[in-house]
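*Asks:* Got a structure here, written out as structure tokens. Questions coming.
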Amino acid sequence: METSIPSFLLVLWLKSLLNWLVVVVQRHYVIRSFSGFFCISLALIDSLLSFVLTAVFYLEDFNISGWHFTGYNICRLAQITCFIYTMLHWPVFLLVGLDNFWKLSSSSTHTSWKQKLTYCAGVGLLWILAALYVFSEPDGVLLLGDDEKHQCELLSSPQSAQVLVALLLTVTGVILYSYAPLEKLRVHVFPHFGQQSCVVCLRRAMCTFLNTWTSFLVLMIVSQLLQIEMHAHLQLNVIWLCFLNSFSVALALCVHSFTSSSKKNDTITDGFCSWYFCFTYGADEWNYGQQSSDRAQDKTLYNV
């Protein structure tokens, strides 16, 4: 898609502002997970890219240490970063999911400095690998732009639509499984688990996710149906990453309800959805959404 460079810079600055707004508001949660550290890195890279491209655009023609910068370099740098952004949707989605599965399996709820260091190294390595892949791709050809008219050809990421379709299929399958009359299938597939507790888990997890993200999900679906063109810089943003993180948490809780066989209290907070699941396996029971005060009150009433 052909984009005006001034409008691209404006949109990039607005995106950077939105990224930092979300990061600052969710600052207590972003430092606890891989998705949070990647959101911080994305905000930093977007801000740096906005500053560099704006400086080159307004200075137009200048030299720094023998390097000659013109308006052509704006388009070239924007296209290179655009190719890098297109490669990150699936890797980030998979790594965020693995991180949430690992946190549910871990006995510790505190994020240690070693984990944070691992997240930083993983995020940095992911960016480096994406950049190396783009530069080593023999078929990667930069598109032409019109320097005189301040126009630049930018690409959209097919991975964004692919991840969205996979997410919709998963949500649809979970809803059909948990609400459709498939008791015989449930017994054959998961015979050693309490069916009522697992089904309630699926329903509660999807309801919690959809209650928070329905508006954003509808917006994404409408934009895909109307084929609204967005370049890769816009498609990869902090809100989208938080959306994917909430979905991976819901999916991890659903899978964890089938794979665990011991009593375990799981508390995950992603800053958007309020997750609190109390698993009680072997009793066909699932307590959802009860705060500690509510559970204490129920216990008191029961004793009375």
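Just so it is clear, glycine is given a Cβ too, placed from its N, Cα and C backbone atoms.
Grabbed the feature section from TrEMBL, which reads as follows:
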type	residues	note
TRANSMEM	6-25	transmembrane segment
TRANSMEM	37-57	transmembrane segment
TRANSMEM	77-96	transmembrane segment
TRANSMEM	117-135	transmembrane segment
TRANSMEM	163-180	transmembrane segment
TRANSMEM	201-226	transmembrane segment
TRANSMEM	238-258	transmembrane segment
*Asks:* Using Cβ distances below 8 Å and needing 3 or more such pairs, separated by at least 6 in sequence, tell me whether the transmembrane segment (77-96) contacts the transmembrane segment (201-226).
*Replies:* no
*Asks:* Against the transmembrane segment (201-226), which of these stretches has the most C-beta pairs under 8 Å: 37-57, 117-135, 238-258?
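*Replies:* Looking at each of 37-57, 117-135, 238-258 in turn, the most contacts to the transmembrane segment (201-226) are made by 238-258.
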*Asks:* What stretch of 6-25, 37-57, 238-258 shows the most Cβ pairs under 8 Å to the transmembrane segment (117-135)?
*Replies:* 37-57
*Asks:* Any contact between the transmembrane segment (6-25) and the transmembrane segment (238-258)? By contact I mean 3+ C-beta pairs closer than 8 Å, pairs at least 6 apart along the chain.
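*Replies:* They do touch: at least three Cβ pairs between the two stretches lie under 8 Å.
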*Asks:* For the transmembrane segment (238-258), give me same-chain residues lying six or more residues beyond its boundaries with a C-beta closer than 8 angstroms to one of its C-beta atoms, as numbers and ranges.
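*Replies:* For the transmembrane segment (238-258), the nonlocal Cβ contacts are 18-19, 22-23, 26, 33, 35-36, 38-39, 42-43, 92-93, 96-97, 99-101, 103-105, 160, 163, 167, 170-171, 174, 190, 193, 197-198, 201-202, 205-206, 208-209, 212-213, 216-217, 266, 268, 270-273, 275, 277, 279.
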